[in-house]
Amino acid sequence: MAKSKFERVKPHINVGTIGHVDHGKTTLTAAITTILTRKFGGEAKSYAQIDSAPEERARGITINTSHVEYETDKRHYAHVDCPGHADYVKNMITGAAQMDGAILVVSAADGPMPQTREHILLARQVGVPYIIVFMNKADMVDDAELLELVEMEIRELLSKYDFPGDDTPIIIGSALKALEGDKGDIGEAAILKLAEVLDSYIPEPQRAIDGAFIMPVEDVFSISGRGTVVTGRVERGIVKVGDEIEIVGLRPTIKTTCTGVEMFRKLLDQGQAGDNVGILLRGTKREEVERGQVLAKPGSILPHTKFSAEIYVLSKEEGGRHTPFFAGYRPQFYFRTTDVTGSIELPAGVEMVMPGDNISVNVNLIAPIAMSEGLRFAIREGGRTVGAGVVAKVIE
């Protein structure tokens, strides 16, 4: 039989499991694929298959991640599960696996634990927009009051980090029972309930093409008689011939007009998210544009020098620093296509940051970069990656 081509009929959503070690994230992932493939087709993955997560590299950092996919009634899901806590931290900070929503797994027997809290905080910092809770191992708790207490604790913790704790869906079940074929409320029924909630609670994300136009500048050429051409890959939105464009970052913002879009040496009417294009700019001199700036829809993005960020510092084993750094540390921050030097302010009471740590910091850049919350960057020393980060909040 001929291999069937991937039919994208259903909308595609990216999710992942987060939560404390041994609370059942991987078992739940296995249970979801097993039960949903039985109902909607696809390929079931066992615990062992998911647990042997292959290594990937994102922004020069090695991360172990398992990717599974499944379908529900309405959607197609790509789901990530990580073997270790450090992998989650790295995954969320580098944005290697962007999540439209997360399934927070909490053991009903233990309640929220340190990594539960840390993953919720990380989700807030890196901009995971929605969290659904699966209260796992319900077969180990006989006392209904205890379940209620754990549920209250989870809701309080979510609210503390600005998620809507009172309105967050919490599904009570046992991933192991479901995997063993239990058809009861906490078995298969709980997994099917989770699938329904994924469909109804996580809205369809805005596609990259629907956002405001932005393109990081990779290269600039002048073509005699035609003007200046800027090349890059459109990150978001659409650019059409005749559109007004701002050139943002590194120096004062200037306005110009797109007089041509070309791809593979052909002239187009427009370029859109994902396209590698050359954009011809009217009346702009070659030396007015440089790598590291962005072309953007006027007013849609501003240049900033100061922001708070969540960063992960590579361990020595990962090729990072061998020694800690202190307040005032001045590495380069690599945004999109260029490095900008900046200094790091540590939180009150923190003396130093060790290789392998993740921490919230403030950064002051020496030149402004076009940025908004959720933008990823690498931290480098002389071209070598020593960390990764994500903009949590723009300050000025």
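Using N, Cα and C of the backbone, Cβ positions are placed for all residues, glycine too.
The feature GTP binding site is assigned by Swiss-Prot to 19-26, 81-85, 136-139, with sequence analysis given as support. Non-local neighbourhood of H85 (GTP binding site): V21, Q115, E118, each in the same chain, at least six residues away, with C-beta under 8 Å from its C-beta.
According to DSSP, T26 (Mg(2+) binding site) is assigned to a helical segment. Long-range C-beta contacts of T26 (Mg(2+) binding site), restricted to its own chain and to partners at least six residues apart, with a cutoff below 8 Å, comprise T17, Y47, I50, D51, S66, D81, P83. Summarising the annotation, Swiss-Prot assigns Mg(2+) binding site to T26.
Residues or ranges marked as domain 'tr-type G' by Swiss-Prot: 10-206. Computed over the domain 'tr-type G' (10-206), the whole-number mean pLDDT of the model equals 95.
Annotation source Swiss-Prot lists region 'G1' at 19-26. Non-local neighbours of the region 'G1' (19-26) in the same chain are 47, 50-51, 66, 81, 83-85, 104-107, 110, 112-116, 119, 136-137, 175-176; each lies 6+ residues outside the stretch with a CB under 8 Å from one of its CB atoms.
Using a Cβ-Cβ cut-off under 8 Å and counting only residues 6 or more beyond its ends in the same chain, the region 'G2' (60-64) has close neighbours at 53-54, 82-84, 87, 90-91, 94, 96, 312, 314, 318-319, 378, 385, 388. Residues or ranges marked as region 'G2' in Swiss-Prot: 60-64.
Residues or ranges marked as region 'G3' in Swiss-Prot (evidence: similarity to another entry): 81-84. Only residues 6 or more beyond the boundaries of the region 'G3' (81-84), in the same chain, are considered here, and those with a CB under 8 A from a CB of the stretch are 16-17, 21, 25-26, 29, 50-51, 53, 63-66, 68, 91.
The feature region 'G4' is assigned by Swiss-Prot to 136-139, with similarity to another entry given as support.
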Going by DSSP, is H85 (GTP binding site) part of a helix, a strand, or coil?
helix
Which number gives the other C-beta atoms within 10 angstroms of the C-beta of D22 (GTP binding site), all protein chains shown included?
13
Using DSSP and three states only, what is A138 (GTP binding site)?
helix
